[in-house]
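What TrEMBL says about this protein:
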- 273-371: domain 'Lethal giant larvae homologue 2' (DOMAIN)
- 722-920: domain 'Lethal giant larvae (Lgl)-like C-terminal' (DOMAIN)
- 436-450: repeat 'WD' (REPEAT)
Amino acid sequence: MMKFRFRRQGNDPHREKIKQDLFAFSKTVEHGFPNQPSALAYDPKLQLMAIGTKSGAIKIYGAPGVEMTGLHKDTAAVTQIHFLYGQGRMLSLLDDNTIHLWEIVQRENRSHLVELHSFNLPGRPGIESTSATRVTVMLLKLSCDLCLVLSSVCRFSESSEYAELKLAICNVIPLFSVPEEYKCGKSLGPVESLQEHPQDSDKILIGYSRGLVVLWDLNSRHVVNLFLGKQQLESLVWERSGNSFVSSHSDGGYMVWAVSSSNPCTHDPISSTIPYGPFPCKAVNKILWRTTQSGFLSVGGGMPRASYGDRHCLTILQDSSHVTLDFTSRVIDFFTIHCTDKEKEFDDPSALVVLLEEELVVIDLQMAGWPTVPAPYLAPLHSSAITCSCHISNVPPKLWERVISAGQQQCPLQNYENWPICGGKNLAPDPKQKELLLTGHEDGTVRFWDASGVSLKPLYKLSTASIFQTDCDHNDSLMQAGEEEWPPFRKVGCFDPYSDDPRLGIQKISVCKYSGKLVVAGTAGQVIVMVLSDEKSDHMIDVATVDLLQDREGFTWKGHDRLPPKSGSVVFAPGFQPVVLVQCMPPAAVTAVTLHAEWNLIAFGTSHGFGLFDYHRRNPVLARCTLHPNDSLAMEGPLSRVKSLKKSLRQSFRRIRKSRVSGKKRAVVYSPTSKVQEANAQLAEHDAEVTPVQRRIEPRSADDSLSGVVRCLCFADTFLRDGTHHGPTMWAGTNSGSVYAYALDVPSQEKFSEQSVEALLGKEIQLMHRAPVVSIAVLDGRGNPLPEPYEVSRDLAKAPDMQGSHSVLITSEEQFKVFMLPKVSAKTKFKLTAHEGCRVRKVALSNFTSVSSEEYSENALVCLTNLGDIHVFSVPALRPQVRYDCIRKEDISGIASCVFTKTGQGFYLISPSEYERFSLSARVITEPLCRVDVERPHDLSAHSYYVVILSELLYEMRSALSSPVLDSPNSSADITLDTTGELTVEDVKDFLMTVDEAENNFRNIAEEDGRPPGILIN
């Protein structure tokens, strides 16, 4: 009873101060590509880009390290974003018909993105908003004093007392100028495009879906020109001089129209072109027309519908040059970076920025061939699905330089200094140490990322597919065939979610950062040892097979076959090159792998057992089968489809019956179950006195499926045979709570080639509750983790304490336990499941440095549970320090993908394409620290905002001529040109009125409804 009383801990003020200096939780930055992007904008003056997502997030990017994020209160999709030119403000339109004003503000000498105001756009008075009132188009003038919404005009008028946002719908006015033959029979459709005149800001182009284009004068409120198109309109764009504009259409073509004051009504364009006609083509949803010294540059879509209707393409045309950019995901939006100075003669575009559904692509328009510009951020982490990850802290400069060199030889044009989006200033200091994040992918690649700062930069890509015989070579024939076909396709982007063979998937990664050795393990039992080389190589790969079943009878593998390696020599580029391929049999997915480069050993485990391999002598050292006689599920593999439903149900019912009778007392000598029940009975007697209350835990059955899965492996130089002689050891933990410890006889460096490594089983531990072993770590006499290989021999770390007694920290899903070595006697434990009601998913030993003094630091055990919370414990005392809520418990993939660093940080996937970075350390924090300097002519934040609705006519011109179909709740995008109606101008002339009359009517409606015309947003 006394041992429970001593567990009560008071609040020591001194210790609490130390904990505050050591631990602090914060989510710092999101790495990768935004999930489900939906909108794009660019400020050419500030050189900032904004991306909106379907979840309501807005992210601003500039130079590498310049990042800001804003989140709308409602999780509505962002449909449009518009920058207030050069002011550091922007408007966002959501699909719930609300407009939001954002501003970049300065706080604590850094820039932040904050939302100032929001405005709900009104629908038709007395009727809920339908497709006819939904906003489809916004135009913000360069002068930033006028915003056009659909066909509405929002005017910002500054005064000393308040700023007014005036709404005035003025589209009925152009109606009287439309020819009679154009008014009847069909609706004009929604407004598809609004474009400001490049030379005269008082004139705008209004484009309707039916094809009508109106040049409207905002000051005089009259029609300057009418352009009567006959094809369904998709978009408009001005030519730089303002003498002409281009319209794109649903038939895959575009038209060039001349703007002339002598001809107020134009029936025919100057030219009409369908680039991929005469067969039916997809619509050109957007077109950009930019002027250069050698002619015009046009960017659009519009592929032949029958042949290439399923492709996502953009076309670049300039004189005789014609390139069709072929992407692997849908095009969301695009823009060009060009000269915006009105005094210049040409646009001279320098880059084309294309936002796709799964990646961002930038094309250099000044270099010959229009190559792709490598992005220093927004890289698609999920170009192939991420299957595992590994973080390397404090990367040695030599390894860093060699990885950089290998990556530059892969991509010679990988120069981030030419990145065109370079607004803002990165104020973050240079990182004190380099960090690498390695991600394994489904297609058999391992990607190296620079995780030292805010921008996660791609450095190097390693592919293992070239080692095996797969179907990857069929792409070459397709590319050769594509060179001769029309259109002239060019594959652009790196997003490729399809794997030629799922067996190539990378499951585990282990790296020795001092020797440049890498071990990757895959889905089909392949374990590949690689060595970093600066030169190109052409050599054969040594192949070794390790049978983990050890000829055990009664087991038949029903899963996938092994990957056949290529015969003969293979050419490898500079970088990590394979030297040995170890094939586990049966070829099940590798569940654990570790490397000790100083001993030339690798250890690996699957669902059948674990093995030890000497890659210097190419010699298997050990193979141990961990299968239970009832482990039939382990013989089927993750890709098998032969699992019996009846068998699964039968096993489930057996477990239910066992759990029901587990509470009954059974006199079984030396049974783990009886011991658990005794402990539970004792806990029941002392429930009133034990603090905190412990939960009862049902023991796990020894014959559960997959009980032989190897969960963790580790090497350690420690005491296993006796307390006076230390030596190399290997530890393995399984899913059934078993721990195997082997003493290794490793020859000296001079005798590696002469003598072989020998392994002898030293200890075997069975945890009482048979909970899966998640991690094993050996601590020295001071309770510190043992250093990595080569750290001590190269004077890179302090030598471990070999005088005091070593201990081993074994972490299961339910508890942490410290055993003294070599007797393996229990010293300390903490029952996490009993105290907190959760299970361990990820653990790591991290070093936390005090924010007050760099000289003071502590080692701690960091634990992530299945509930998504993080616990930090002292080592080796296992005293709880802090607890933080980090990941939602429903986010199973995020919890499974979490990886901790040795400095108290972590990463986890918040979407297939994004890593969330967080910090548990009060000192080591990687977060955006940037500044964007802006000059604002008016400080609108100093005033209150009054949204005064001055007028709203019944509807815009298309509504006055529309059929009853427009009153349906369907989206305006569903309205086609074939929609016919009986309404004409004569039928609705009684509803047409002047703007003044409409303003008065709307004021009366507002007063009758009891609504004040002025709405204070503040």
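Heads up, the Cβ atoms here are built off N, Cα and C, so glycines get one too.
Curation does not apply to TrEMBL; its annotations are automatic.
Listed as Cβ neighbours of the repeat 'WD' (436-450) (distance under 8 Å, sequence separation of 6 or more from its ends, same chain) are residues 31, 379, 381, 383-392, 395, 400, 403, 407, 456-465, 496, 499-502, 504-509, 511, 518, 520, 522, 576, 907, 915. Broken down with DSSP, the domain 'Lethal giant larvae homologue 2' (273-371) shows 4 helix, 46 strand, 49 coil.
Taken through DSSP, the repeat 'WD' (436-450) splits into 0 helix, 12 strand, 3 coil. When pLDDT is averaged over the domain 'Lethal giant larvae (Lgl)-like C-terminal' (722-920), the result is 93.
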